[in-house]
Amino acid sequence: MNAPSRESLKGVDLLSEINRLKKERNAVILAHYYQKPEIQDLADFVGDSLELSKRAAETDADVIAFCGVKFMAETAKILSPQKTVILPDLAAGCSLEDACPPGKFKAFRDAHPDHIALTYINCSAEVKALSDIIVTSSSAETILAQIPLDQKIIFGPDRHLGGYLSRKFNRDMLLWPGVCIVHEAFSETELLKLKAQYPGVPVAAHPECPPHIIDHADYVGSTSGILQFARTLTGDTLIVATEPHIIHQMEKSEPSKKFIGAPGADGNCACNICPYMALNTMEKLYLALRDLQPQITLDEEIRLAAKRSLDRMLEMASGTIGKGDLGRA
Ligand code: 13P
Ligand code: SF4
């Protein structure tokens, strides 16, 4: 329904139309760092999952145009139910969400009644509703540190983030077996070749990367944490092991530094571009603002249950906004 042919929008000045509609609708445009540069550049705010959740909860706009993936737009709707939340392409999902169907998650929870569910925000509203506390990559460490050591924990759906936290905190957790297909695609062999080519150049990695990539990282953190690391870097080059669209913000902020995306399997593939994030385009954003479609709608019972676990995250994470930091590996 919201898949325009290029022909139909020929001659439309998309940028000025988006800006016009934004004012007309009293809309705010929120974008994740993995969006295309043209979308990041027109957004009112670009951030990581935690920062975007906070912005969505605080905005006084009538419409939130969310340029990210569905679980992020759902989070905005959970926190701001009175707002109209639009996502340019409803098919913008996430492999982590797909890996964790609510029915199976509920059965797993029921099988472990003495465990709490600490759940990564990259999941459906239904899974959030079945969880106790939500975390993002920039809030996970602060939150985990507040959970008593004798409390048993299920961590889902990202087994790499869960494994990273578990190793760092020396704490056993039952890990749900989901992965991010984008971070999973980095190649250790190719990364080692790149490091040999750039001796001494640091590597910054997202904790969704598997351990064989994290093991070579000088810094591990959320997208905003990696961006902050790039800003404060004393050297002039950085290898970036996360979705490469974040490099746009790094180059804007630090034009004299060189940022190199970590390679995938053949050293030169586009396998580290998130295919879900890439579904959002200027054309679809324009149509979404014009038609106020596709909209995020949620069952009220699920929304309220999901809000409880998200609110718990926002309370426990307070003070972490902007730091985006899981620290060194
Ligand atoms: P951040 O919260 O670090 O931006 O991560 C979101 C995400 O989906 C990473 O793949
Ligand atoms: Fe999901 Fe990975 Fe894309 Fe992030 S990069 S939205 S975790 S598939």
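Cβ from N, Cα, C; glycine included.
All TrEMBL annotations are machine predictions without curation.
What you see is a predicted model, and the numbers here were worked out from it, not measured in a lab.
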Considering the iminosuccinate binding residues His32, Ser49, Tyr120, Ile121, Asn122, Ser137, His206, Pro207, Glu208 given in TrEMBL, which of Thr59, Thr223 is annotated for that site as well?
Thr223
Where does Tyr120 (iminosuccinate binding site) sit in DSSP terms: helix, strand, or coil?
strand
Filter the binding-site residues His32, Cys180, Cys274 down to those with CB closer than 6 A to an atom of ligand 2; keep them in sequence order.
Cys180, Cys274
Kindly point out which of the binding-site residues Tyr120, Glu208, Cys274 have a C-beta less than 6 Å from some atom of ligand 1.
Glu208
His206 (iminosuccinate binding site) to Cys274 ([4Fe-4S] cluster binding site), Cα to Cα, whole Å, comes out at 14
Give the number of CB atoms, excluding that of Cys274 ([4Fe-4S] cluster binding site) itself, located within 10 Å of its CB.
23
